[in-house]
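Trainee: One structure is given below, represented as C-alpha cells, and several questions about it will come after.
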Amino acid sequence: MDSPEKRIYIFDTTLRDGEQSPGSSMNPAEKLRIARQLEKMGVDIIEAGFPIASEGDFLSVQQIAQEIRGAQIAGLARANNADIDRAWEAIRDAANPRIHTFISSSDIHLKYQLRKSREQVLKEAVAAVERARSYTPNVEFSPMDATRTDRGYLCEMVEAVIAAGASTVNIPDTVGYAIPQEFGELIAYLRANVPNISQAIISVHCHNDLGLAVANSLSAILNGARQVECTINGIGERAGNTAMEEVVMALRTRKDLFGFYTGIKTESIYQSSRLLTQITGVAVQPNKAIVGANAFAHESGIHQDGLIKEKITYEIMTPQSVGISDSHIVLGKHSGRHAVSEHLKKLGFNLSDTELNKIFVRFKELADAKKNVFDEDLEAIVYEELYRVEDKYKLIYLNVVSGNVAIPTATMQMEVDREIVQDAGFGVGPVDATFDAIRKITGTNYDLLRYVVNAISGGTDAQGEVTVQLKFNGRSVVGHGADLDVIVASARAYINALNRLEFLKRDAGKIKSEYE
C-alpha cells in the first residue's frame, strides 16, 4: 500500500492559468464542465479562477465552489485585502476552500514592476497570508519569479509566510527560465535553509518556455516538492504550463525511480484532453506525449513486428491506461436512444433526460446522413448542443452558389436578438462569401486570426469540424462548429465565435492576474 508521505498532490490551474492562453477563454458552463471532469479525474486542488478579475470570473468560481465536493477549490488573489476578501467570498461555500495569494519576489520585478523595496514586499506578503489565514487555514503563497530571486531573500520570505500561516508554499518558475538540475537544487536549498519548511507543503509551478516544465517539476519532486501545479494538455500563456498528463504518467510509469504516486484516475486522461480541445478549439499536436494522435502509433516495420509479438517491446504504457479504448463501437441509424445513452456514459457524459433528448435528435439527423457515427461525432454533437454560450445569433438558413465560373455567393437567414434577418454575401470562395453574409447581417467586422478545418472521423462522409478565431479589442475567442457540410460547419463556427465575443463584452474590464 502506498504511504501518505509518497503522495504527490495535483493542483490543476487549467481554469485560471490555462485560460490565459490566447483564444482559450471559457464561459461559465464550460468552466463548470471542466471542473466536473477534473473532480472525476481525482485532481486534489482546482484553481477555479481569479475572482476579482471580473464579475463573470467571480460568479464562475463561486458556482464551481458550490458544486464541486471532491476537490479543494482555490481562488487566486494578489497580496492585498480587496483581492483576498473577494477570493474568499467566491470560494467560501467550497467543501475545502483555499486562498492562493502571491507577490513578486525577484529584484527585477521589485524594481520595474512593483517599484518597492524588499522590506515593503516582505511585509505585504506576510500581511496577505495573515489576512487569508483569518478566513481559512488552507492558504497557499507564491513568491512570483522565484527562480530569479536572490536565494537569501527567497528563504527569508518563505520562512516569514510559513510563520504567518501559509500551509503551502509554491515556487514558480514564472518565465520558464530554470533547467532541471538548477530547479531541483533550488527546492533542496529551501528545504535545507528555511527552518520551518517542514510546516508547509512545497509546491512548484513551472512554465514551458524552454520546453522544460515537466522535467523541472519532476526534478523538484525528487528534491522534496509534494505538489505540482499543472494544466490539461499543458495549456497556458506563451509556451504553456506543466502538462498534467505527462507528470502523472511519468510518476506512474517510472515508479521504480520516483517511488511516488498521485490520486489521478489515469483512465480519464484522454477524455479530459479531448474535452478541453472541444471547448477551447486548441488542438493537441499529433506527436504530443500521452494524448497526441501519434502517441501510441507505430509505423516502423520493426516496431510493428515487436508489438505484434509482445507489446512491451515498444510500449512503455498501454493506451488503455490513459483511457484510449482499443474497441471502437460504431453507432448507426438503427441505434436507439438507450444505445446512444449508454455509449455517451462510456465517453464520460452523464446527461439528463432533457439533454439526452437534444443529443438524440441531432444524432438521428447525422445517422440518417452518414453510415457510421463515431465517438468523435458524438462528442462534437454534445459540445455544440450543451456547452455553448447563450445565443444572440443563430443560423436558420444557408445557401451557397460556387464553382469555377460563378461568383461565390452565400444567401443566409439568421436570428439576431430573436429577429429574423436575411442578406447575401460575396467572396473569393464559398467560405469567404458565407463570412461576408454573416458580417453584413450582424453588423460586425472582427479580425479573423485563424480558420482550421478537420475531419472528425474518416471517410468521405465524415463530419467537418471547423475552428474560427476572432479578435476583439486585443482579446481573442475561438468558435467551432461541426456538420457534414463544411460550409455549414464554417458558418456555425463563425457564429459561435461571435456569441462568445458577446459574452466577453458583457464581462468587459477583466483584470489579468499577472501571476504565472
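Every residue, even glycine, has its Cβ placed from backbone N, Cα and C.
Below are the features I grabbed from Swiss-Prot:
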type	residues	note
BINDING	Asp17, His205, His207, Asn241	Mn(2+) binding site
DOMAIN	8-270	domain 'Pyruvate carboxyltransferase'
REGION	394-516	region 'Regulatory domain'
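What's the neighbourhood like for these features in this structure?
Mentor: Annotation note: Asn241 (Mn(2+) binding site) sits in a strand segment as assigned by DSSP. Shown in sequence order, Thr13, Asp17, Gly18, His205, Cys206, His207, Asn208, Ala213, Glu229, Cys230, Thr231, Gly234, Ile235 are the residues of the chain, 6+ apart in sequence, with a C-beta less than 8 angstroms from the C-beta of Asn241 (Mn(2+) binding site).
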Trainee: Identify which of the binding-site residues His205, His207 has its Cβ surrounded by the largest number of other Cβ atoms within 10 Å, counting every protein chain shown.
Mentor: His205
Trainee: Which of the three DSSP-derived classes (helix, strand, coil) applies to His205 (Mn(2+) binding site)?
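Mentor: Assignment for His205 (Mn(2+) binding site) reads strand.
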